[in-house]
């Protein structure tokens, strides 16, 4: 595998991460209209006359997104040519580019015509799918060259249930978090983990949005913890699964801590961006576990108290 392709794939993955964080920055700083109702230009000008912080943030996000789109397109073409024989290459290439274009169109439509908060909450999730596809494509590039090549795996039905269920549910959690941001409900509840110390239940829309996200987040934390315990009991001999869940648990706990700190610090910008960063990384790890699950054969359920048998090493094909 060409070394240049590895470097380019890694750089493209980082660029996509900047797109995600940049989008969160635009939302957190309320810079979505920094360029007015003009797209792709700012206020209909190549070089705007009145430079404001919101304009700089919005324009920078557009430039980074445009550059990332070009890089993703090049990566798709190169990976298609070099490793088109790998069955996941073409679907991942299509997903990465199509969803990146889709999120750009939604962003442009929001600027020019405006969109509801419920539609705009999809924006981050769509970008997240594109990021995950690029990340998996990058990992495949290294795997094909027999680096980062995991052992051949056998997953029982319970582990498959955790992998499939958690990644689908995590997307719901991402949507509720994005809805919190777009409805300006981040500080609707001044207390944590309850909405207010004086009462148990929310009483108005923004509080329900905030508490709905907290409840969804609590469920995924517990679910990932359960999956991690299962991996620790039966998959220690398969490090890619065992450590994948350990990392997922650490990331979701970091997500919980930064979520609480967002409330306690009253929307500190750096903590808010860290919150977006951790969920992006978590979704990436879960996506890799999904890829592994789709590639592996099923094995009989593990008997209680027994560990998974060692399996022979084999490169992914």
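Glycine too: its Cβ is placed from the backbone N, Cα and C atoms.
In terms of which side of the membrane each occupies, Swiss-Prot places residue 211 together with residue 272. With a threshold of 8 Å between CB atoms, the same-chain residues lying at least 6 positions outside the transmembrane segment (92-112) that come near it are 16, 19, 23, 32-33, 35, 37-40, 65-66, 68-69, 72-73, 75-76, 79-80, 119-120, 122-123, 126-127, 129-130, 133-134, 136-137, 140. Checking Cα-Cα distances from residue 35 (disulfide bond) against the recorded positions (58, 213, 275) with a 10 Å cut-off leaves 58, in sequence order. The candidate set comprises the disulfide-bonded residues 35, 42, 189, 195. Of these, 35 has the most other Cβ atoms within 10 Å. The DSSP secondary structure for residue 42 (disulfide bond) is strand. Residue 42 (disulfide bond) and residue 213 (heme b binding site) have their C-alpha atoms 34 Å apart, to the nearest angstrom. Sequence-distant contacts of the transmembrane segment (124-144) (same chain, at least 6 residues past either end, Cβ-Cβ under 8 Å): 1, 5-6, 9-10, 12-13, 16-17, 19-20, 23-24, 27, 72, 75-76, 79, 82-83, 86, 88-89, 92-93, 95-97, 99-100, 102-103, 106, 150, 171, 174-175, 177-178, 276, 279-280, 283-284, 287-288, 291, 315-316. Using CA atoms as reference points, the recorded positions 189, 195, 213, 275 were checked against residue 58 (active site), and the closest is 275.
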